[in-house]
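Annotated features in Swiss-Prot:
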type     : residues                                                                         : note
ACT_SITE : Lys11                                                                            : active site
ACT_SITE : Asp136                                                                           : active site
BINDING  : Pro94, Gln95, Gly96, Gly97, Gly98, Leu99, Gly100, Gly101, Gly102, Ser103, Ser104 : ATP binding site
Amino acid sequence: MTLYDVPAPAKLNLFLHVVGRRADGYHLLQTAFRFIDLADTLHFEARADGAIGRAYELPGVAESDDLVVRAARSLQRATGTRQGAQIGLHKRIPQGGGLGGGSSDAATTLIALNRLWGTGLSRSQLMQLALPLGADVPVFVFGQSAFAQGVGEDLTAVALPPAAYLVVQPDAGVPTAAIFSDPDLTRDCASVTIADFLALLTSCFGRNDLEPVVLRRYPEVSGAVRWLFEHGLRVRMSGSGACLFAEFPTLPEAVLAQEEITATMRVAGKTTSHTHPGFRLVQASTGLTEHPLRNWIAS
């Protein structure tokens, strides 16, 4: 087969603790990753000329900075293959929202081209290629819900119960580097264990240490959190934001909450005495047990 159309799922950080900082400036984290069925779609078609062609545009992202292109070229260098690919991308995951869209696209590129080109790298080999592309890329190659430590490379699979999520996107762009460099960021959270996390397994476990910084710096995000709480929805930020999520036991409950919030927003928009901050409901999504392409890699 010479072409694939494959998904690149979003991730949520169910909690995110900053427990320290290395001498090189990288932060030491503890977090739990879960994939959801909100996903980008990538199209790969083999080329015999060795070129990597990008059949899409990402606003503000040059081809040399595109993680998809970088992932493809990294795999070429590592394997010595002379094959190339024409790559298409349909974005559904909000860019820069803390949902790992770019990282997921890069991981799907490594997985799909490893199969398309027949380069035969193992999961651990692909994960070694993934880490230089970004701290979140390895977990998508790992392919399971995971408890992560270090800078994101120390991953342990965890079994999570079924759950659904409503994802909210505030009208704010949050630069990750600025949040991690903020002097008010707490960097000494007490470490937790996997057992601590698995004993509770609720959306109330721990916290996101980046969230207070984002709420202080971005009124669009703090306003969305406040408005949603006032209307019965308790949310948490994923990653460095700005996207927020609420957890539900089942997808129908998440869909119902989405419909109720949408109706309330519609009424508020028509009534001058009621306002709500700018945000959109991205999608009611199901939590996944594993990455859709997990079985494409030899362990």
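Each residue, glycine too, has its Cβ placed from N, Cα and C.
Keep in mind the model is a prediction, meaning the values are calculated, not measured.
A simple way to gauge crowding: the CB of Ser104 (ATP binding site) has 26 other CB atoms within 10 angstroms, across all the protein chains here. Considering only the binding-site residues Pro94, Gly96, Gly102, no residue lies within 10 A of Lys11 (active site) on a C-alpha to C-alpha basis.
Across the structure, Gly98 (ATP binding site) and Asp136 (active site) place their CA atoms 10 angstrom apart. Within 8 Å of the centroid of the Cβ atoms of Pro94, Gln95, Gly96, Gly97, Gly98, Leu99, Gly100, Gly101, Gly102, Ser103, Ser104, where the record puts ATP, the same chain has further Cβ atoms from Ala10, Ile93, Gly239, Cys243. In sequence order, Lys11, Phe33, Gly100, Ser103, Ser104, Gly152, Gly239 are the residues of the chain that are 6 or more apart from Asp136 (active site) and have a CB within less than 8 Å of its CB.
The Cβ of Pro94 (ATP binding site) has 19 other Cβ atoms within 10 Å, all protein chains considered.
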